[in-house]
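Taken from TrEMBL as is:
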| type | residues | note |
| --- | --- | --- |
| TRANSMEM | 7-26 | transmembrane segment |
| TRANSMEM | 32-50 | transmembrane segment |
| TRANSMEM | 62-81 | transmembrane segment |
| TRANSMEM | 101-119 | transmembrane segment |
| TRANSMEM | 140-159 | transmembrane segment |
| TRANSMEM | 165-187 | transmembrane segment |
Amino acid sequence: MSFEILYIINAVQALLILFLCSEEVGMTLTSAGMYSSLIFALSLVAKIAFGPALDRSSTRRPAALFGCSLLALGCGLTLRVQRAPGGGPFEVLTASSHPQLVAFSVCFGLGYGSSFTLVQSRAAALYGQLEGFSKLQSTLAVAQYAGSFLGVLVTAQLRQSTGSFVQPFGILTLLGMLSCVHCWFVCSPGGPRGL
């Protein structure tokens, strides 16, 4: 779960301004900065709000699933589907309208903050009292950094090779959905250590 969530978060952080200022959206740098700032502000709100929810056993699983779902939905909102010119089949394009980009920023910002809180707290909650926890924590940190590195690299390479953000954002959306499935198992009552 750490790998895919950090893959998504850092890919979007690193490339959001480029996407918003690209020909696909055509936004000014100032406007792009406003969307980015909205995401960071909402991620802070989510980190504060989701921490207590993740600490209580009665709200842990719903909060974790809700946070991962917001992250996946936010990724999905970077794309839009429309009928191809001439009434042909549907085509997938990147989002470019203000309402959709605001919806993306809100969902992604809240999903980013809550998912990041989940990633940082889950291993400690499950295994923090064990003697070898520092080794586990180091291994998880490597997975997080690998996800961050590959997220930025692969997303940028795909954008460069295809000339569009459609495929990279499609992959981020799929990874967001995968993180929901992963979260389902990690936070389930019968999951790790019988929670």
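Just so you know, glycine gets a Cβ as well, placed from its N, Cα and C.
TrEMBL does not curate its annotations; it predicts them automatically.
Highlighted: of the candidate stretches 32-50, 101-119, 140-159, 140-159 has the greatest count of Cβ pairs under 8 Å to the transmembrane segment (7-26).
Counting residues 6+ beyond its ends, the transmembrane segment (140-159) has Cβ neighbours under 8 Å at 2-11, 14-15, 18, 119, 123, 165, 167-168, 171-172 in the same chain. Beyond its flanks by at least six residues, the transmembrane segment (101-119) meets 1-2, 5-6, 9, 12, 20, 25, 35, 38-47, 49-51, 54, 63-64, 66-75, 77-78, 95, 144, 176, 179, 183 of its own chain at Cβ-Cβ distances under 8 Å.
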